[in-house]
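Engineer: My questions will all concern the structure given below.
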Amino acid sequence: MNKLALQGPLWLASDLHLGPATPATAEAFLGLLQAAADEASALLLPGDIFDAWIGDDVIRAAPPWLAAVLHGIRAAAGRIPVYLGRGNRDFLIGQELADALGAHLLPEPVLLETDYGRILLTHGDEYCTDDSAYQQFRAMVRNPQWQAQFLAKSIPERLAMAEQARGESQAANQAKSMEIMDVNPAAVEAALREADVDVLVHGHTHRPARHVLSVDGRKRERWVLPDWDCDHADPPRGGWLVIDRDGLQCFDLVEDED
């Protein structure tokens with residue numbers, strides 16, 4: 001399994017879903033980047049940083065909203081290590097983007113060796129095994145051959161395909177129960193058992209919480225990262241997780257601003 005040893009306070013945030021229609025969320029994220037650079041020893045972003053990512057070549061002529069976000073990440077990465085994960089919306093994030101930002105690609109899943117101990121980190125969509133239609137889609141778009149064929153298309157073609165896929169996904173999700181789109185308990189237990197860890201951190205489900213469970217007679221924890229929306233949600237929402245020698249603590253974006 002991929003391993004990553006990091007010391008000091010680690011900040012984690014996911015599911016920002018940044019795009020041209022999320023200026024307030026982007027502004028909040030830029031604030032998080034500055035705060036993390038001041039207070040954290042590393043920042044980890046395990047997936048769905050962007051609402052869509054059609055290939056790293058978009059940075060060569062980035063629209064203003066994206067240029068501002070990339071500038072913020074680059075500035076933070078100049079002060080602390082920044083790790084970019086890939087989610088179900090931005091699975092095409094690649095080495096070109098990481099190199100341009102002075103950041104690192106976050107392997108998935110990854111076993112973090114922290115001051116608090118060993119922690120399993122991943123985006124989380126792989127645990128939603130009850131949603132068979134989504135798992136088929138995930139297997140397709142993670143296939144290197146499919147990715148190569150997609151990236152060979154023009155940017156306008158890729159944008160149109162991404163917009164169509166997003167619309168189909170939203171329509172399909174409206175017909176699915178929340179339980180189907182959540183993680184499967186057996187898949188979570190299997191991951192904890194295989195990694196031999198007591199703590200799992202993931203995003204994806206937009207259901208922030210700390211779950212305590214027992215696996216093989218051991219107390220385990222599953223921490224779910226919050227999603228961000230400061231543009232369309234009322235009240236705005238977002239947050240991040242801090243891992244240090246004392247444990248794990250989740251901070252709410254709105255409460256922190258008050």
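Cβ atoms here come from the backbone N, Cα and C positions, even for glycine.
Here the structure is a predicted model, which means the values were calculated and not measured.
Pasting the relevant annotations from Swiss-Prot:
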type    : residues                               : note
BINDING : D15, H17, D48, H206                    : Mn(2+) 1 binding site
BINDING : D48, N88, H123, H204                   : Mn(2+) 2 binding site
BINDING : N88, R89, D131, S169, N173, K176, H204 : substrate binding site
Engineer: For N173 (substrate binding site), which of the three DSSP-derived states applies: helix, strand, or coil?
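Structural biologist: Once the DSSP labels are grouped into three classes, N173 (substrate binding site) ends up as helix.
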Engineer: Sort out the sequence-distant neighbours of D15 (Mn(2+) 1 binding site) for me: same chain, 6+ apart, CB within less than 8 Å of its CB, listed by position.
Structural biologist: G47, D48, G87, G203, H204, H206, L225, P226, D227, W228
Engineer: State the Cα to Cα distance, in Å, between H123 (Mn(2+) 2 binding site) and R89 (substrate binding site), rounded to an integer.
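Structural biologist: Just about 11 Å between their Cα atoms.
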Engineer: Taking 10 A as the limit, how many CB atoms besides its own sit near the CB of H17 (Mn(2+) 1 binding site)?
Structural biologist: 21
Engineer: Per 10 Å Cβ neighbour count, which of the binding-site residues D48, D131 ranks highest?
Structural biologist: D48
Engineer: Around N88 (Mn(2+) 2 binding site), which residues of its chain at least 6 apart sit with Cβ under 8 Å of its Cβ?
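Structural biologist: Counting only residues 6 or more apart in sequence, the Cβ neighbours of N88 (Mn(2+) 2 binding site) under 8 Å are G47, D48, H123, D125, Y134, R138, H204.
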Engineer: Mind checking which of H123, H204, H206 has the fewest other CB atoms within 10 A of its CB? They're the binding-site residues.
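Structural biologist: Among the binding-site residues H123, H204, H206, the sparsest Cβ neighbourhood within 10 Å belongs to H206.
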Engineer: Taking the Cβ of N173 (substrate binding site) as the centre, count every other Cβ atom within 10 Å, in any protein chain shown.
Structural biologist: 13
Engineer: Take the C-alpha atoms of R89 (substrate binding site) and H17 (Mn(2+) 1 binding site) and report the distance between them in angstrom, rounded.
Structural biologist: 8
Engineer: Going by C-alpha positions, which of the binding-site residues (D131, S169, N173) is nearest H17 (Mn(2+) 1 binding site)?
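Structural biologist: Answer for the nearest of the binding-site residues: S169.
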Engineer: Would you list, in sequence order, the residues of this chain other than D15, H17, D48, H206 that have their CB within 8 A of the centroid of the site's CB atoms, where the site is the one recorded for Mn(2+) 1?
Structural biologist: S14, L16, G47, G87, R89, G203, H204, D227, W228
Engineer: Around S169 (substrate binding site), how many other CB atoms lie within 10 A of its CB?
Structural biologist: 15
Engineer: List the residues in the vicinity of the Mn(2+) 2 site, defined as same-chain residues other than D48, N88, H123, H204 with C-beta within 8 angstroms of the site's C-beta centre.
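Structural biologist: Leaving out the recorded residues gives S14, D15, P46, G47, G87, R89, G124, D125, G203.
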